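Per Swiss-Prot, the features are as follows:
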type	residues	note
BINDING	H81, D114, E174	Zn(2+) 1 binding site
ACT_SITE	D83	active site
BINDING	D114, E149, H374	Zn(2+) 2 binding site
ACT_SITE	E148	active site, proton acceptor
Amino acid sequence: MAKNIPFKLILEKAKDYQADMTRFLRDMVAIPSESCDEKRVVHRIKEEMEKVGFDKVEIDPMGNVLGYIGHGPRLVAMDAHIDTVGIGNIKNWDFDPYEGMETDELIGGRGTSDQEGGMASMVYAGKIIKDLGLEDEYTLLVTGTVQEEDCDGLCWQYIIEQSGIRPEFVVSTEPTDCQVYRGQRGRMEIRIDVQGVSCHGSAPERGDNAIFKMGPILGELQELSQRLGYDEFLGKGTLTVSEIFFTSPSRCAVADSCAVSIDRRLTWGETWEGALDEIRALPAVQKANAVVSMYNYDRPSWTGLVYPTECYFPTWKVEEDHFTVKALVNAYEGLFGKAPVVDKWTFSTNGVSIMGRHGIPVIGFGPGKEPEAHAPNEKTWKSHLVTCAAMYAAIPLSWLATE
């Protein structure tokens, strides 16, 4: 039987640690940490975990930082990816994205919402658990994972497949505006290649223009995007052309190849095989003898480890009556005296591997808001850090009590 959950004390402690979480988050933001360059921020997180009293902290061969609280037989994990995207056009920022900014309510900087704020709240949730003696028949694993922005879920493929770590469920701390999120659409990265024959541009009839051959394909892709699958909860599948490439001997020549990249979002019931086949079936694709394929990812992590995978990120969701939803709803109601909003992400998370590939339930609750992700002047809310730290401290006991 789980311990009684001291919700009031947990929330008071979370409020007490607002300044510490703010400082720690700003420290992380000040360290540029794009995918495959996370070494410094990983070591900064390890330092903070050790400072607040985690029982064990280690960095795995891929470069993920793993912190443990407790020694119980049942394992629950909470995850934050700690890499960020770049800053884009610096002229679009009103403040330095790494120096950041701070007001009484806000913290600004690259990674504040997406998603180093989640890490700040998790680390101090660990301290709250230690302060209040909330350890029970569980072990809490807090992960700071790498390369998510490059290849979402690859870090957890490694953790599960190579390290043999398999929690009973995982809380994703991606931004949810302090709502409970229970699913997301999947995605895949598709490429279409068309071949042509070059010749001098003064007599184009002698060649076979690959760009012209791609034109009808683009039109049919746009039409296909209007008739993709639909799910009542996750919404519709989508398709957009995100990149276009060509080769040509010169600007005075016919292009001899053309390729496009496609960002395909998969709703419930859609498969990677079906997504490729529906493109291969397009008349313009067949007429051009185009090759339709899926991208692969094999970029080394900051430690030099290569863990290749195909660029397919499965759709996932848990049902409203799932134990993970109940555990988070009960924790939220105990802390705040009202029911949380239960919804879904628009973007993708590490859940694509944790649940999408490996069937380990995932549930989301995080500080910050989705529209802040990858945007200039990114920010998060200090109150969100407090709310999430309290939730993360209460969730393990709420889970044990829910069963």
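Cβ from N, Cα, C; glycine included.
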Fewest other Cβ within 10 angstroms of its own Cβ, chosen from the binding-site residues H81, H374: H374
Fewest Cβ neighbours within 10 Å, where candidates are the recorded positions D83, D114, E148, E149, E174: E149
For H81 (Zn(2+) 1 binding site), the three-state class that DSSP assigns: strand
Residue pair H374 (Zn(2+) 2 binding site), E148 (active site, proton acceptor) - Cα distance, angstrom, rounded: 13
Cβ within 8 Å of the mean position of the Cβ atoms of D114, E149, H374: remaining residues of the chain near Zn(2+) 2: T84, V85, G111, Q115, A373
Pairwise Cα distance for E174 (Zn(2+) 1 binding site)/E148 (active site, proton acceptor) [Å, integer]: 11
Inter-residue C-alpha distance, D114 (Zn(2+) 1 binding site) and E149 (Zn(2+) 2 binding site) (nearest angstrom): 10
Residues within 8 Å of the H81, D114, E174 Cβ centre (excluding the Zn(2+) 1 site residues themselves): A80, Q115, G118, E148, T173, P175, T349, G366, A373
Integer Å distance between the CA atoms belonging to H81 (Zn(2+) 1 binding site) and the residue listed as 'active site, proton acceptor': 6
